Structures are given as structure tokens and as C-alpha cells.
Amino acid sequence: MAQPAGPAAACRAQGAGRQPYSNGPVQNQMMHSSDAQGYNPAVPGSYSHQKVPPHQPSGQYNYSGSPNVSQFNSYQGPGQTLNRPPVAPLSGSPVQQTGPVPQVPPPALQNSAAISSAGSFPPGAGPPMLSNWQYSQSALSHPAGTPTSHLAHGMGTGSAQPSPSLSGNTNPPGSYQYAASPGGPSLQNSYMKPGSVPPPVTQPLTPLHPPRPPLGPPPVGGPPLIRPSTLTAGPPNAQPLLNSAANQEGDATSAASDGSAVQNSYDAIEGGGLMATPHPSPAPPNLKMNRNVGYSYPALPPGYQNTSPPGAPGMQASALQYPDGSKHFHQPPLGTNHLTASMGSLSLQQEGLRPVNLLQERNILPTTILQAPVPNLHEDIQKLNCNPELFRCTLTNIPQTQALLNKAKLPLGLLLHPFKDLSQLPVVTSSTIVRCRSCRTYINPFVSFLDQRRWKCNLCYRVNDVPEEFMYNPVTRVYGEPHKRPEVQNATIEFMAPSEYMLRPPQPPVYLFVFDVSHNAIETGYLNTVCKTLLDNLDLLPGNTRTKIGFITFDSTIHFYSLQEGLSQPQMLIVSDIEDVFIPMPENLLVNLNENKELIQDLLRTLPQMFTKSLETQSALGPALQAAFKLMSPTGGRISVFQTQLPSVGMGALKSREEPNQRATAKEIHLTPSTDFYKKLALDCSGQQVAVDLFLLSGQYSDLASLGCISRYSAGSVYYYQSYHHKHNPVQVEKLQKELKRYLTRKIGFEAVMRIRCTKGLSIHTFHGNFFVRSTDLLSLPNVNPDAGYAVQMSVEESLTDMQVVSFQSALLYTSSKGERRIRVHTMCLPVVTTLSDVYAGADVQAITGLLANMAVDRSVSATLSDARDALVNAVIDSLSAYRSSVLSIQQPGLMAPSSLRLFPLYVLALLKQKAFQTGTNARLDERIFTMCQVKNQPLVYLMLMTHPSLYRVDNLTDEGALNINDRTIPQPPILQLSVEKLSRDGAYLMDAGSVMFLWIGKSCGQSFISQVLGVPNYGSIPQNMTHLPELETAESIRTIAFISWLREQRPFFPILYIIKDDSPLKSSFLQNMIEDRTESALSYYEFLLHIQQQVNK
Amino acid sequence: MFEKIVFQIIAFDELRTDFKSPIDQCNPVHARERLRNIERICFLLRKLVLPEYSIHSLFCIMFLCAQEWLTLGLNVPLLFYHFWRYFRCPADSSELAYDPPAVMNADTLSYCQKEAWCKLAFYLLSFFYYLYCMIYTLVSS
């Protein structure tokens, strides 16, 4: 801890002095421990509030005021009214506020340095308080008017701001946490009422920055409010600080931790009118402040530096645009695109447009994973833009009119992964969530501030007022900077929804498991695996004390299990009337997990043995689902169904429709459901907030097309384990275990709805994914899970004239497993272009492929598979011929494509060869339909991997260019083209096809690889069905295993590794994935290109 | 017949707009009501399809018998459209016309709405035309 010099010490001293104010002895301790942070003692009382209701998780900001402020009042000037004391000093020394730049800097610097060092402490080592950061205003707590306080003041604020950069340097990213409340619910951290912070605090900040511009403007350094999303679950202490903001919070921590005594709330203050003195001139200080701020952050997007005086260093762009800016908050940035973007990313866009002759350039596949194209925006806006993994558009340059879009012949749409597990997610608790009054858009980084009090919605262009509490920025602890609030600095943010977002109490997590126990099911032995996995993960199920769980089994009858408290063992109730299902007893079938854990464990242990003698072969899935639905409908929740055969009795019985001889003819296959029983039931489930997840472990045809509807419309997910058998197919057992573990322990959101909004003029017309569309733009998602992706198609309804950018916002409202209502908001901003060449330059080939795949699934269901295939090929032909005729000025021979679309034919060919769309006899109907489900429901990354596998050479892995993660070295071999000509006999190749991996060993593969990685003496002794690599002590083995497990860790499902030789039966599956080669029923890549060229040149 | 078409228009409008406030839309209780509404409307719509088509075909047959070639000619396109609509429905399930998940697609919905408006105009015009013809015949005879 490098303690800063005098000033900081002074602060400390002050803090010590203050202690009386601080709540309790605990706090005092905290404060002491927090010396490093210097002044923070003063803060504590002021903004922390303790009103934390138990249900609130630790890591959030509270903006809402807590009731008791009284202690502080004396010196704290909340909001405008209370400001007096601080104000007085200010007014006394106006110079200091604005002018002080030269004076203040040194202390500030010191201070910031100190802080950063403080921040860098490993959390564990530090005093407990480190984990808690609060946004409190340190400055306020200082006695007004004393010179020292002033100084401290400056320091405090100064430190807050610059520190991001500093800390950014020192600390590993991702590590800071805002809210942790280790002690328990009471310790929540919060920053309080935004509105009330006296403006003066901010002033000192300005000076600080100029000295260290290189470090980067705060927004860059780290979005202030980020904290790991996992925080709530994890031990709070674990998080190291990330940025200065965090540090400050850290300072404040003491306040937070003391929590119990010092609750002050802004509201209370204002209401109480403790310091009733009117605040005469709030505005002027703010203005000054703003100006200063603008000055101080040269790198900020011009929009944010509102009113910098022209000619300020580093500010050219903004200065140009807003010469008059001194009075207004303009959010220029969006507009600036044109100026800066045209210069900045010109080269990049040009690259996207460079014509490529596909017939001549053979090596177009990049050797690393293809990244999403970067939209052509001003870099400051781009920095704020949503992560492409979460939100992606097929055209990163949006065409201005529908005519232009039609001309480009490319689909316009979005691909979303809204509930992805994030390592850093800012969470904001606020009593009011700022939204546009007409279109209900959440405030986001791309809105423009007309002045301090008004913002203009970027979707409908309505001008809204900035609410009072939004004026206070909890991160910098500055009043009057609404444009620096976390909501305006992060494109991805999560709100804790206040009570008006829940009209019924949030539902408890309820899990119901429905097991098939017919003879066939027992044969496969799946029940053992599932019960064991469930037993192991019972404590890891997401939930809280309200979690409920229940079990149903069925063959031709339905069995319920009463888990009533006091029973010595679970009691089985059999209902044999499957025509009119009823629930034998209303209570005790769904029981509290924690209170009845022993009984549940008992049941899970005995369940697999209970039916071993069963000879019942019928399966009454339909009635069982009806029973499950009846059981769940009062609460909502998740039903997990395990099914191993075609349902044969009762409602929803199905007949086998697959005729093996007809697999080849694309015309006759049954992709549509044969009954709408499952669809209707799914809609009923959706209405009652119940989702059904289907695990199909079946050797024979089970009509997934019909069964899958139950998950599709209730927003569940489908898992398919073909020919599952515990003895005959042991690799499937491991796969089921691993995937079930992930399934049981992953995050889950209940009773969710998602709405996607876009700028006026664009309209969304089709949605893809698992959900029910409840009104034209509202998706009903009874459950939402982190592994689900969605896609939407859009059209340009009114031309986007005069708009330089458009924005898209997805808002997902859900109940977390802890019973909180939360809203996760993603916002993306994209430029609008007027020329066809720009549209092509911004095409995102992966997103286009993903969207086309979704559309093709719809097409094959509504029309035929061959129609869908034709449509895919036509998509390539149309877009390339449009490019040729409209953009290319010189007609060259060959097949020309813009560089951005150079992989388009390859990916479409890959789609045509994928299981969902391929022709030929090798795809079973259920498998094909399962792949279609995956296309609809997988996020883009996994979809692309499944479509176009990655091929690596692994026998010569080196550490060159390797990644280092947690002390593991992960080699990064280049990706090879999927062609047999890239394979050589003396190598070993790993093909990663998403849900399966193949390790192909060449015939004359190096002896060292075979012995040191595979652990067998020679090629001939490699076993036929080897599926695991032995863990050997050799460097090669460690590298290979590290690489494979790294690949596996990145996805939510578990790919089986098959090690194959030339004579392995699986070799054909391996070769099937060689997309560039010719197969019995499909063209090779070169032939495909020739075909396209022929059509294009027609 | 007009009533039916008017009902269709109202129904599609109802499907399209959800009158509740956005916050209320997110309310799970509302979800149930809304879903029930959608299903009820779709059910009604489905029930009305066949009567409408058969009444229209009946008219056409009557015109044929009456040898009203001009009137018949005016009606034949719509008749063919109805046949096409009816037989184009996916074969596997009898109820796929106005199927809740399908109809909630914004594209389908706007198409259905447009269709309903056009039909309304057509029926209204033809009603007056028939009236005119009838009176004309009465007067001239």
C-alpha cells in the first residue's frame, strides 16, 4: 500500500475523527483497515444505505434512498437543498472549482496513485471491507468550509476519476466487484441517491486528467459498474478490484459494511429537510463542472464531453462539432460518425469490399476463429457498443431503404444470445429505471443528452426528462453528470426491477422431473445415471430456500411420489386412469428441497431399482405431461422430461412415420408434427409459466418432430442422445452426465419475457427460437437459460433518411432463481448507409449464414426440404450476382465476391451438407429434426462450429502463440481447410464439430505422438473405439489434453472425442464433415463455385 | 357475411395490438389471459373459415345456374383464391390454419389483416352491385 503523502494522511486523520458519526464500532474498524483508501472514512455514513432487504443480492447498486439519514445530515448536504455546507466553501473559492486545475493536480495524482495501489490488493489479503465497495460520497462528509476538507474533497473525487486508468493497469480486468456484501444481506453496498450529491465535488476532477491522458478515459478504463455476474453466488470476497471506481467504492466500503447503523438516504434527507437551506445556484456549478469534465477527458466520445471549450487539447472532434457547446449537453457522437468514421475505419471497410475471385483464391479460410466485423462507427461509440457475442446483426451497415436492402439480396436480421453467462455484468439497483416515455426504451449509451435535464430517445426520438435521481453519478460520485451513469456507459446492463415490475410475487424455483420407467427405459439404464447426477448436484440447483422439487414416473400408468415430511420413506401413488388424469393429492408432491432433502435423496437412491422387474412396454407420455402441467400450473417452473420411446397410449400417442427406404427422398420426410396435442399443451404451459425440457434417449424413431413442439413453444430445450445405452454406448453416458450437470447447475430465469425494440423505421417481422410470440414484439419465455440463442428478421419499413445510426435494444425481464425480478438490457448501435457497396462492405457472413439456416428450417417445415436447399443456394447466387452487376465496375472473369462475403459460398455449402439439410440416406429423421432444433436454438458461435467444423493439426503442437489461462498453456494451432488434401499421412488431426470431436491419426503418424499422447506402442495397437486420451506426463500429452479440454470448456455441451484410424467405422462421419470435398450426394466446394458462377453470369 | 369479415378485421386487430400497458404485459397473470384470448380468437377464426368459403361457393353456383356470366366472372377469382387457401394448408394437421404460434408472426398477421380488408371491400361492393341488379331486373320486368 503506497500511502500517499500528506493529503491522504490528512484525510485519514479526518476519517478517524469522523468515526463518531459512523455507525458502530464495526465500522470504525473497517475504516481503520481501509486506511489505504484514505479519505473514505468520511464517506461512509453518507451514502451507504442499509435498507437492504434480504432478497437483494449482494452485488448491486442501490440508488434508492434508505430512510435514515439523520446522522449525517449535519454535515452532509444532500441534493440541492442540503448542499449548503459544501457549497459555501465552493462559493468562497470559485476559482478552485473551475480554475484550480493547476493547483489541484499534484495532490490528485498522488491520491490516485495511492488509490490504485489500494485497489490492487488482493482481496483476500485485504481487510474484509475490500470486497464491499460502496459508492458513497466521500467529499460530502468532510466538514464544510474547512480548508482541509476542501483539499480532501478534491482528492477524493480526483482519485475516483483517474483511478480507472491506473487501476486498469495494475489490476486484472474483471475482478472488481461493486457490491459484495460478504457479511450477509445487511452489508449490501449501494450508492445512493444520485440526485443529491453536491456538484462541487466534481470540480477537482478536471485538473487531474490532463496529466495522464495516455492512461485512457474512464469509460475505457473500465465500465464502472461492472462486477462479475456470478457474484451473487460466489463468495463476495473473492473479487479483486478492477478500477478506480471500484477503489473508491472500496473506500466507501467501510460505510457499507457497517451498514447497520448508518443508513442514510437521500430521500429521507430531502424529505426531512434537515438542511433546509435552499440551494441557490445549482446550475452554474454544474455547467462549469461539465466544461471541466469535457476538458479532462479528451478521449471521451464527443458526446460525452459536452461542452468543452473549443481548442481544448485532445478535443478536436467535439470541439468542431460543438463550438457553442458551453451550454448544452450534446451528444454528438452519433453524428460524428460521418466525420471520423469515414477517416477512421475507412481502411477497414475498404477491406470488406475488396473483390475476391473465389475461383482463384483458394486459401480464404482464416487460420483463427473468424471475428465479427466491426461496425463503421466512431471508435468512441464503438467502444460502448454491445459485445457481438450477445447481439449481432447480419448487416453491420444498415441500408437506408427497403429498396436498397432488396437490391443487396442479403437478409437483414439480428442474432441474439441474451442470457449468456457473463464474467462482467454491471447490475444497477434503482428506484426508478429511466425509460423513454413513449416507446419504453431503457436509457442506453446511444441516447443523446440535449442538456443536463433532457435526453432524446435514440429509438423513437422523443425528448424525455432526466429524473432527479439520475443526475447523480454513483460511480464518480458527482452530481449533474447523467451521461456518465453506468446505464449510459454500458451497452449491456442489468437492472434490479422495482416492485412495479412484478404484479405477483416472484415465483419460487420449481423443478419437476418426469421419468420414463417402461421396460425399454429401464433397459437403457439411463435412470441410474440421471438419478446419480441429480443426487450429486442437488445442492447446486439454482435456487434459494423456497426451491421446490418433485418427481413423476410413468409407463402405462403414472406414478406420483409423496414426499411428505414425517414419512420414513417416499410414498408412491399410482394413477392408472390415463384418459382423465388427476392429481392424487394436492400437497406434498412438490416439496421444499431444503426441508425434505433426506427424503428426496432417499427417493433418488431407490428409484433406479424400483422398476427393474417392470415388463410394461407402453409409454403414456401425453397423460404424464398433462399431470405434470396440472401439478406445476399454480406456480410455474421447469419440467424435465426423460423419454426413451414413442409414446404409445393415452393422449398424444404417436405412430411411427419413418420409413427407412424413403429417407433418401427429400420429399416424403415428416418434418411437421403429426398431432397438435404437444403444441397445445406447450401453449398451456407457456401461459402458466411452465417450460418443458425434453431429454430424448431413444434407439428407435420417436417422432421428435411432434414431441419437440412441447419444448419449442414453452421455451424449453431439447437434448437427444441417440441409441443411449449404459453398456453398449458408454460414451453417451459420459455425455449425458456432463450435459445434465451443466443443465442442472446453469443459471435459470423464470417467468421471463423478452422484447426487442429497434429504431423507428425498422420493423421486426419474424422470430426464430424456442418461445411463444405473445404479442407481435413480445416473446414469452417461461424459462430462459444461458445456452439459448434467438434470431429475428427485420425489414426497413420507412426509409431511414437523415439518420446516421440506428439502434436495437433487447430487454429480458426475468425472475432469477433467488427470487429477484431483473431486467437485462443489451443495446447495439449501427450506422446507416446509402450505397450498395457499403452494405456489402459491412456484411457479417457468419450472422447471415446463421439467419439463413434459421429461415431454411422454417422453409423446410412449411414447404419441403428441397425448397429450403434451393433457397439457400439462391441466396448465394442472388447476392453475388447483385454484387457483380451493381457494385463491380470492371467486369472480370471468374466468380467475384466482396471480401466480407468471401466465405459465404463455403458456409452455405456447409449448411447444405449439414445433417439438417443434407440429402442422402445417412441422416435419420430424428437426428435431422434434432439438428434443426439446434439450428433454431443454438447461439451463433456453436451453430457455426456445427456447420463448419474447425480442423487442427495436433501432432506438432507448440507453445508458440499459446494462450495462458490460469497457469495452463493452451496451444493455438492454425485452423485448416476442411479438405482431405490438407491431411497428411504422417500427422494427427483434430476436427472440432461442436457436439463431437474426431482425432484422426494418419497411418504413418510420428511414433512419438502415438506413444506419448495416445499411450500405445504403435499405430496398429490403437484400439478401435478409443474415446479418451490417457493423461501422460509428457509435454505432448499435456499440450494436447490442455487444448482439447480448453475447447470443451468453451461450450455448454460435452463433445465426445472419437479417436479414429483409417479403418475405423466412424471414418465416414469424419469425412462427411470434410466440407470442401465431394461426397456421394453433394458437390465439392470447387464444383459448387462453378455452379454458382454459371448462375451468376447468366 | 359482412359481419364475419368485420369480425375478422377486429380479430386480427386484437391479435396485433395488446392493449395492456407494457409493464402489465410482463405480468405473468396477464400472460395467461392473453394466451387464452389468442387461442379463443384463433378458434373462432378457424370455425368461420369453412362457412365463409361455402357460402361464397354457393353464391357462385347460383350465379352459374342463373347464367349471370358477368357476376360469375367477377366472383371466380375469389373462388379460386379460396380453394387455393383451403388446400394449401399444411397437410399433416387439420388445424394449422390460424394456428396460434403461426398467426402471431407479424408477417402472417399483416397479411391476414390486409386480406380481410380487401375481402370486406369486395363483399361490400358486390352487395351493392347485386342490389342494383336486383332492382334493375325488378323495374325492367
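Glycine is no exception: its Cβ is also placed from the backbone N, Cα and C atoms.
No curator has checked TrEMBL annotations; they are predicted automatically.
TrEMBL has this to say about the protein:
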{"type": "COMPBIAS", "residues": "A:1-20", "note": "compositional bias 'Low complexity'"}
{"type": "COMPBIAS", "residues": "A:21-37", "note": "compositional bias 'Polar residues'"}
{"type": "COMPBIAS", "residues": "A:57-83", "note": "compositional bias 'Polar residues'"}
{"type": "COMPBIAS", "residues": "A:112-123", "note": "compositional bias 'Low complexity'"}
{"type": "COMPBIAS", "residues": "A:131-140", "note": "compositional bias 'Polar residues'"}
{"type": "COMPBIAS", "residues": "A:158-174", "note": "compositional bias 'Polar residues'"}
{"type": "COMPBIAS", "residues": "A:196-226", "note": "compositional bias 'Pro residues'"}
{"type": "COMPBIAS", "residues": "A:250-261", "note": "compositional bias 'Low complexity'"}
{"type": "DOMAIN", "residues": "A:433-469", "note": "domain 'Zinc finger Sec23/Sec24-type'"}
{"type": "DOMAIN", "residues": "A:506-744", "note": "domain 'Sec23/Sec24 trunk'"}
{"type": "DOMAIN", "residues": "A:749-833", "note": "domain 'Sec23/Sec24 beta-sandwich'"}
{"type": "DOMAIN", "residues": "A:844-944", "note": "domain 'Sec23/Sec24 helical'"}
{"type": "DOMAIN", "residues": "A:970-1036", "note": "domain 'Gelsolin-like'"}
{"type": "REGION", "residues": "A:1-261", "note": "region 'Disordered'"}
Query = How many of the residues that make up the domain 'Gelsolin-like' (A:970-1036) does DSSP mark as helix, as strand and as coil?
reply = 16 helix, 15 strand, 36 coil
Note = Stretch winning on C-beta pairs under 8 A with the domain 'Sec23/Sec24 beta-sandwich' (A:749-833) (pool: A:433-469, A:844-944, A:970-1036) is A:433-469
Ask   = In the domain 'Sec23/Sec24 beta-sandwich' (A:749-833), how many residues does DSSP call helix, how many strand, and how many coil?
value = 0 helix, 60 strand, 25 coil
Ask   = Are there three or more C-beta pairs under 8 angstroms joining the domain 'Zinc finger Sec23/Sec24-type' (A:433-469) and the domain 'Sec23/Sec24 trunk' (A:506-744), sequence spacing 6 or more?
value = no
Query = In the domain 'Sec23/Sec24 helical' (A:844-944), how many residues does DSSP assign to helix, to strand and to coil?
reply = 71 helix, 3 strand, 27 coil
Ask   = Mean pLDDT, the domain 'Sec23/Sec24 trunk' (A:506-744)?
value = 89
Request  = With DSSP as the yardstick, break the domain 'Zinc finger Sec23/Sec24-type' (A:433-469) down into helix, strand and coil residue counts.
outcome  = 2 helix, 12 strand, 23 coil
